[in-house]
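Quick look at what TrEMBL annotates:
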BINDING   H77, H197, H201  Zn(2+) binding site
TRANSMEM  27-45  transmembrane segment
TRANSMEM  51-73  transmembrane segment
TRANSMEM  94-112  transmembrane segment
TRANSMEM  118-138  transmembrane segment
TRANSMEM  169-187  transmembrane segment
TRANSMEM  199-220  transmembrane segment
Amino acid sequence: MISSSKSASPIVHAPPPIQPDQEWANALTHGVAAAIWTGLAIWLVVEAFAIEVGLAIACAAYGASVIGTFVCSTLSHTFLQRPLLDHLRAWDQAMIYLMIIGTYTPITYQYAAPEQRTVLLTLMWTAAIAGFVNKAILRHRIHSISTWSYLALGWLPAIPLIGRVPMGLAIAMFAGGVTYSVGVIFLMNDRKFPYLHAVWHLFVITASIVHLAGIAWYVLFPEGHGLES
């Protein structure tokens, strides 16, 4: 731990790279995902804009949070020299808060009770931004209690949406959430066996695509399923 100023919070060093010869897999998986998601996000926003400006903004926040997460992850597995590595790892982990709530944003915008929508979105984004700022800017804490806070933030916002979203969307969101949660097992053991961190990345990518499919199917085109938009 190093600190040169009493007014600044200490930066907690990220653990050393798993192994330098494995980092290429970690960078490649999320680098490719970032490129693919850029195209998907553009398509998502264009389709949403044709429906409603507010929905387009919600989808833009969603797409930007996912792309930002994959980009920060890619950079954190590409540049391995300290102190840059420490900052990139902090941003990598901090972006996950935004990605989680970003994913909920178009769903909440479309399906939350009108009188609750603004309150829910405000609370969700306040929690996500607080997590981001604490992780990336104030404390730079690497691998502290983040895993459990990610899981809590990932599941709690679903509670007020129970009974309001279509069953198909609920199944897609649940399936994506389970995929993330199972992937956490590999994340928490990525020091024990080679390439487990890259496997965790693949779980993240898979979950993000499952969520995207549900959002595209039930948020952008609800009329195709006998639902009111």
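Keep in mind that glycine also has a Cβ here, set from the backbone N, Cα and C atoms.
Around the Cβ of H201 (Zn(2+) binding site), a 10 Å sphere holds 27 further Cβ atoms from the protein chains shown.
Tertiary neighbourhood of the transmembrane segment (94-112): same-chain residues 48, 54-55, 58-59, 61-66, 68-69, 72-73, 120-121, 124-125, 127-129, 131-133, 135-136, 146, 149-150, 153-154, 157-158, 160-161, 164-165, 169, 173, 176, 208, 211, 215, 219, 222, 229, selected by CB-CB distance under 8 Å and a gap of 6+ residues from either end. Summary: among the binding-site residues (H77, H197), the fewest other C-beta atoms within 10 A of the C-beta are counted at H197. Residues 56, 59-60, 62-64, 66-67, 70-71, 73-74, 77-78, 198, 201-202, 204-205, 208, 212, 215-216, 220 of the same chain lie 6+ residues outside the transmembrane segment (27-45) yet bring a C-beta within less than 8 angstroms of a C-beta in it.
What surrounds the Zn(2+) site, by Cβ distance within 8 Å of the Cβ centroid and not counting H77, H197, H201, is the set E23, A25, N26, A27, T29, H30, S73, A198, W200 from the same chain.
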